[in-house]
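S.K.: TrEMBL feature annotations, pasted as is:
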type    : residues                                                    : note
BINDING : Q10, A11, G12, G13, K14, G110, T111, G112, E142, N169, N187 : GTP binding site
DOMAIN  : 2-204                                                       : domain 'Tubulin/FtsZ GTPase'
Amino acid sequence: MRIAVVAVGQAGGKIADALLRYERDSEVDFVVDAVAVNTARADLLGLREVPPGNRVLIGGDRVKGHGAGADNELGAELARDDIGEVRDAVDAIPTSDVDAFLVVAGLGGGTGSGGAPVIASEIRRIYEEPVFALGVLPARDEGGIYTLNAARSLKTVVDHADATLLFDNGAHRETGESLAGGYSRVNETIARRIGVLCSAGEATDPTPEKVVDASEIINTLGRSGGVASIGYASTPLDRKRGLFGGFKPVSEDALESTTRVTATVRRAALGNLTLPCELRDVERALVVVSGPPETLSRKGVEDGRAWLEEATGTPEVRDGDYPLRDTDHLAALVLLGGVTEAPRLRELRAAAVEAQRNVAAIAERANLSAGVWDTEGLDPLF
Ligand code: GDP
């Protein structure tokens with residue numbers, strides 16, 4: 001699936017950089033172009049991969065390039081005021097090549113949190129291609145204002161994007177790791193997952209037995225404002241290098257390959273989701289298995305899909321493979337679409353409603369958990 005990336009705010013820009021780096025390293029062309037939008041000049045200047053000509057400073061008249069702080073209402077307002085400039089940058093992307101737009105942002109801050117829903121809504125108004133959002137949720141300890149921002153932004157973005165892929169920063173921080181130190185590793189994780197998903201159907205050599213085409217990804221994400229999560233796991237292979245440095249084929253029996261594939265699919269779906277959720281709370285799924293061609297057991301992929309059908313209770317599970325010659329790992333990616341329930345969403349909403357009720361106590365209220373994720377009691381951004 002070929003995507004046009006529109007990154008908003010600091011986290012958005014850094015994730016766009018990570019995606020472009022992944023694309024270059026994997027040598028598969030799946031990002032048609034990437035645009036970065038920000039109210040902070042320094043953040044735009046700090047980007048490494050997004051071409052300088054594709055960086056759009058908004059709100060310059062009002063905030064003079066100094067950013068929106070953690071004020072997402074201001075972020076939304078600045079995006080609305082300068083939407084013409086964002087539109088011009090997006091219009092310059094050759095969209096005849098684009099299968100979908102991906103609007104990327106951290107939902108807890110100001111510019112991305114407020115700007116992403118405005119920009120997603122505008123792109124959706126103009127283009128026929130689906131507009132998906134990739135939203136980063138703040139970790140629990142980031143504070144009440146981030147929680148409230150993320151909850152309001154999420155409530156707004158799900159209404160304005162075809163589907164929203166979520167990534168919970170809190171679920172991916174390693175023990176003892178600092179927030180800043182963890183970001184580049186976390187961004188690589190996000191880039192690998194989006195990268196494998198999008199490049200699976202674009203690579204042509206070796207040819208997949210069952211291609212994951214763009215429409216299968218789009219149908220799994222859905223176009224009715226749902227939430228999605230991605231799981232990923234890899235298993236090392238015992239591969240030897242040949243005389244000229246390339247890997248020799250893996251020699252093993254069929255049962256070994258089948259078992260490895262199904263075990264990797266289960267690990268991807270059970271323990272390693274961008275937004276942790278129960279499998280029974282999803283409406284659709286897609287599984288992609290990648291690795292050296294001789295290890296991609298078709299029976300293993302089919303067994304993995306059958307297991308996912310049972311675990312999710314839905315027959316709408318798609319599958320495909322992505323053969324790669326030069327790797328010593330077998331990997332499985334599981335895309336879960338139409339997530340109806342997740343502990344982090346419940347927590348976010350409850351904490352944010354509480355914080356909104358008592359703005360003075362915002363900082364202390366970040367860790368409340370209870371209630372159900374619904375649309376009552378929390379104001380959208382617009
Ligand atoms: P903005 O520039 O005003 O949109 O604010 P940020 O993009 O910095 O958004 C703040 C939120 O994004 C917080 O929840 C941060 O933890 C998170 N964040 C900031 N930078 C990164 C990053 O590089 N990667 C990830 N995954 N999260 C980030």
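Cβ coordinates come from backbone N, Cα and C, glycine included.
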S.K.: Which Cβ among the binding-site residues (Q10, T111, N187) has the fewest C-beta neighbours inside 10 Å?
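M.R.: Across Q10, T111, N187, these binding-site residues, the one with fewest Cβ atoms within 10 Å is N187.
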S.K.: Between all pairs in Q10, A11, G12, G13, K14, G110, T111, G112, E142, N169, N187 (listed as GTP binders), what's the biggest Cα distance, rounded to the nearest Å?
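M.R.: If we measure all Cα pairs in Q10, A11, G12, G13, K14, G110, T111, G112, E142, N169, N187, the largest is 20 Å.
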S.K.: Counting Cβ atoms within 10 Å across all protein chains shown, which of the binding-site residues G12, E142 comes out on top?
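M.R.: Result of the Cβ crowding comparison: G12.
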